[in-house]
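**Q** Swiss-Prot feature annotations, pasted as is:
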- 368-397: domain '4Fe-4S ferredoxin-type 1' (DOMAIN)
- CYS377, CYS380, CYS383, CYS426: [4Fe-4S] cluster 1 binding site (BINDING)
- CYS387, CYS416, CYS419, CYS422: [4Fe-4S] cluster 2 binding site (BINDING)
- 407-436: domain '4Fe-4S ferredoxin-type 2' (DOMAIN)
- 534-715: region 'Disordered' (REGION)
- 666-689: compositional bias 'Low complexity' (COMPBIAS)
Amino acid sequence: MLKLFSAFRKDKIWDFDGGIHPPEMKTQSNGTPLRQVPLAPRFVIPLKQHIGAEGELCVSVGDRVLRGQALTRGRGRMLPVHAPTSGTVIAIAPHSTAHPSALAELSVIIDADGEDRWIEREGWSDYRAHSREALIERIHQYGVAGLGGAGFPTGVKLQGGGDKITTLIINAAECEPYITADDRLMQDCAAQIVEGIRILAHILQPREVLIGIEDNKPQAISMLRAVLADAHDISLRVIPTKYPSGGAKQLTQILTGKQVPHGGRSSDIGVLMQNVGTAYAVKRAVVDGEPITERVVTLTGEAVSRPGNVWARLGTPVRHLLNDAGFCPSADQMVIMGGPLMGFTLPWLDVPVVKITNCLLAPSVTEMGAPQEEKSCIRCSACADACPADLLPQQLYWFSKGQQHDKATAHHIADCIECGACAWVCPSNIPLVQYFRQEKAEINAIRLEEKRAAEAKARFEARQARLEREKAVRLARHKSAAVQPAAKDQDAIAAALARVKEKQAQATQPVVIQAGSLPDNSAVIAAREARKAQARAKQAAHPVADSALPGDDPRKAAVEAAIARAKARKQEQQAGSEPAEPVDPRKAAVEAAIARAKARKQEQQAGSEPVEAVDPRKAAVEAAIARAKARKQEQQAGGEPAEAVDPRKAAVEAAIARAKARKQEQQAGSEPAEPAAPRKAAVEAAIARAKARKQEQQAGSEPAEAVDPRKAAVAAAIARVQAKKAAQQQVVNED
């Protein structure tokens, strides 16, 4: 009884909610065997014929290629594409592709040479001798993708399944009206399909392998049963005809009774599904070593005279295939790629056949019927009853039309399989699937933009963190460089420190000052006082300071000379006589200096106290006052003003007179007041100059060039400084 119950459960099938039963038009094309189509003169191969990114080009314009040669490299989800025939690459440029809007995608354009030569093929007849990874890599590099319509890379799908897969399902339902590509392939190539299924089972190692096929394909069912007569590892399940039984989620529920969760995949419940056409392509890639370069395409519709299924090379223009089938277009002829429910109308016929192209439908006007006008929704809920995904198409329609993306997402619009059952039953002729496709495209665009923004933010934050780390490292490096000198500078620094220590050792012992106490400067103070006492003793023993004597002031002498000249002029004016030759101020200054020297000598002999030194500034002021008074008296007398007395010249002459007086004193045996070595030379030079000028004036000759009073004053000052310096040096030597 238990075995009978297990056998009953083994063949049990389930059902799904919703679904429709449209009229079938499969008999138009499934009655004739597969046939080859003549090669087109030109092929357009889009680089992206699958879900994922396009591969990297490995050919260039002008290259000659062979059939099966890779045109791109595949990494990750990038699936390579291959040349459908031998020929020459004439262009690599964007070209319109199989898309409702005929979007242009980068394509390789090849001119066929008609030879159709293959690359060197290497098949793995004993595929069991190769590892699972090697088989998956071969399937991927040979460009095998899901041929049922999704176009997902088969190698990536097998790799992602891993050890989670317990059930492998082969989809042979082909529920779409008009399409018979899989039906005809199973009738003509059943053995190759089963071999491909066994390769997939060898890779995945599932517990069971199920083939699901609708009961409207009796010839295909009989062919598969004949091939599987002795097989116990593959089970054939015949299911009732119902649209859309061929959907992945619907067929999974029919064969296993399990439902794929919202937003999930069939692999989440241990199920992996492949199409019969994909199984056939896997067999050719692994066993025969042939990349996918062609597929079965159904050519049907009342607008073609020879409907059927053909082997169409990838990249063949749609126009070329339809012309081979006897295409007779009408005035407003449409061509649908895919079935009447899930397909889309082509904008023009120059688009190429790609891996997901399974049908080209060219219906007549009577076959499709007149286009119906879209009306308002009457809320009849017929769409909800027909939806196989348990969605609410009415609500999704309002959300899509009102651009309410959040609500549409919350109502699981992503689970819509776009089967078209809702639009088929809608009494208002609302193209619901078009609204849903547009809404999903907008949601995907928003998510893509959000993803890009998040990636940009992550890059910015990573950059900021990197800059902060670099700044911290840079500051630490600068800090360590400032604190710790480089290794190569250690020797130089050590040598400098050694020299400093050596100098400190040779120098006198430094004064050490204790913290909180005053320095002991008693020794320095005592030495300074001793030097001062010694200097005072020397000054008392040798009174030198000639300039300190009252009569030694040149300015006072100049004042006296000016006063003498003024008195002389006044006496002359009172006598009424003509003024004689003006009194020479230099001579008067010399006489005054001689008089002062004599008076000084008498004072020294008498032992009197020295007179207080005359302030030179005060003497200069008095001299200036005397000169001003003399000029005023001259002006009052009406006489010509005498020559202005130059105080600097008078000072020089006074210095000369003092020098003569000292010389006379020294000759008379008196004690010299100060050494005359340098001063004597300066005085003699000044005397010589004065005598020369005096002789010139007495001879009545032309007056010589006037002596610059500033130069004379400077010379006299230099002479005095030199004399004082010599006197001080002599005192030091005597000590």
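Cβ from N, Cα, C; glycine included.
Show me how these features fit into the structure around them.
**A** The average pLDDT computed over the domain '4Fe-4S ferredoxin-type 1' (368-397) stands at 91.
According to DSSP, CYS426 ([4Fe-4S] cluster 1 binding site) is assigned to coil rather than to any helix or strand. All chains included, 23 other C-beta atoms sit within 10 angstroms of the C-beta of CYS426 ([4Fe-4S] cluster 1 binding site).
Neighbour list (CYS419 ([4Fe-4S] cluster 2 binding site), Cβ cut-off 8 Å, at least 6 residues apart, same chain): TYR243, PRO244, GLY247, LEU341, MET342, PRO388, VAL433.
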**Q** DSSP-wise, what's the residue breakdown of the domain '4Fe-4S ferredoxin-type 1' (368-397) into helix, strand and coil?
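**A** Counting residues by DSSP class gives 11 helix, 0 strand, 19 coil.
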**Q** Given the binding-site residues CYS377, CYS380, CYS387, CYS416, CYS422, and counting only Cβ atoms in the protein chains shown, which has the most within 10 Å of its Cβ?
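**A** Answer returned by the neighbour count: CYS422.
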**Q** Around CYS383 ([4Fe-4S] cluster 1 binding site), how many other CB atoms lie within 10 A of its CB?
**A** 27
**Q** In the same chain, which residue numbers or ranges, 6 or more beyond the ends of the domain '4Fe-4S ferredoxin-type 2' (407-436), come under 8 angstroms Cβ to Cβ?
**A** 18-20, 22, 243-244, 247, 249-250, 262-263, 341-342, 372-378, 380, 382-389, 391-393, 395-397, 399-401, 443
**Q** How big is the gap, in Å, between the Cα of CYS387 ([4Fe-4S] cluster 2 binding site) and that of CYS426 ([4Fe-4S] cluster 1 binding site), rounded to a whole number?
**A** 11
**Q** Determine, for the [4Fe-4S] cluster 2 site, the additional residues of the same chain whose CB lies within 8 Å of the mean position of the CB atoms of CYS387, CYS416, CYS419, CYS422; present them in sequence order.
**A** GLY18, CYS383, ALA386, PRO388, ALA389, LEU391, PRO393, ILE417, GLU418, GLY420, ALA421, LEU432, VAL433, PHE436
**Q** Out of the binding-site residues CYS380, CYS383, CYS426, give me the one sitting nearest to CYS416 ([4Fe-4S] cluster 2 binding site) by CA distance.
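**A** Result for CYS416 ([4Fe-4S] cluster 2 binding site): the nearest of the binding-site residues is CYS383.
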